[in-house]
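K.L.:
The domain 'tRNA intron endonuclease catalytic' annotation in TrEMBL covers 221-298. The active site annotation in TrEMBL covers Tyr251, His259, Lys290.
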Amino acid sequence: MGKRNNKYLNKIYNRPLPITLTSQRYNVSLPELYPHNPVSWIWYLVRYLQVNIFYKVPELTNDPLPVVYDGQIFKVTDAESITSLWRQGFFGKGVLSRSEPTWYQRTLTRLNLDESGKSGNDWQWKTLQRLDIPRVGVEEETGVITAEELKEMESLDAKLVELRKADINLTKRLRDEDDELSMKTESYYLWSFYSCNPWRRSFEICLEQDTSCGIGPHLIFIVDYAVYHYFRSNGWCVRSGVKFGTDFLLYKRGPPFIHAEYCILVMTKDTNYDWFEIAAKARVIGSVKKTFVLCYVDYPTQEQFDEILGQPELDHGLLFTQLLEQYRISEVVYKRWNPSRTRD
């Protein structure tokens, strides 16, 4: 990846979370503090008093996101919100895209409806034409085609380009069908930043999908969220690992920058994986040059779980925070032993 591409990516993906801080909105920031320099302490104190007392910055609230709960999934349909969620934390996934929701722009390019004038088909045609020039020259030298046939081929190519452009209806509007899908764990993680919008009901909705055996500390949603929150808190970009047969993928920064380094498989004392399944997953993960991590979750007892949930004076945020403190997470790196590579 070149330096120019790195600068472009750093400019686009410059925020780790889809929230706007007060300092960013009002261009207010505190200077750097150097402990060994007394002047920096004075300037820092003056600036702190200006921001918090003399010229107090108004409180900032983030705008809510248009979230739709449809078919046991959380969906965002607004184009601006989709871009914001992906570029500020890599949340969600496009329905018709592999990662970043680019289906709309790719379809515009494919149908020659891009207003920028850069058509993907024209670009491909010009590339093929450049590759075909040496071959035509060789055939002409060997007498396979004559000069008249070459002129006729050029005229046919020009007519073909005109026909392609004439068949395009530029007034036709293309409907964007690439919605943003979010995992249940992502939905509740985002709820803490958008407490005034429909994310607030995500806790109840996620529990409703997973209470066939009663509410308890072993619920899949709570266990998965504990692992998701744990790795997010440690600075990892957490994505779904379903394409590798695991629960999560860990990126050091995000999919546009580098490939995932770890595949996480969540396990509890109730998990019934056998060693054949573990070995099969390790074989798949090893073939794509990733590290297989078994994440063991030790959850509290049913009595501790009921005691925490039985506090009506606490809201769902504080209640769930106390509940997560009772979960213990430990990681074990699983590596497949290849005897042909380790023999003497």
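Just so it is clear, glycine is given a Cβ too, placed from its N, Cα and C backbone atoms.
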K.L.:
Identify, in sequence order, the residues in the chain of His259 (active site) that are 6 or more apart from it along the sequence and have a CB within less than 8 Å of its CB; answer 'none' if there are none.
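P.N.:
When sequence neighbours closer than 6 are ignored, His259 (active site) has Tyr251, Lys289, Lys290 within Cβ distance under 8 Å.
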K.L.:
Let's check the environment of Tyr251 (active site): how many other CB atoms sit within 10 Å of its CB?
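P.N.:
Excluding its own Cβ, the number within 10 Å is 18.
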K.L.:
Just to be sure I understand, if DSSP states are collapsed into helix, strand and coil, how many residues of the domain 'tRNA intron endonuclease catalytic' (221-298) fall in each?
P.N.:
29 helix, 22 strand, 27 coil
K.L.:
Please average pLDDT over the domain 'tRNA intron endonuclease catalytic' (221-298) for the predicted structure.
P.N.:
91
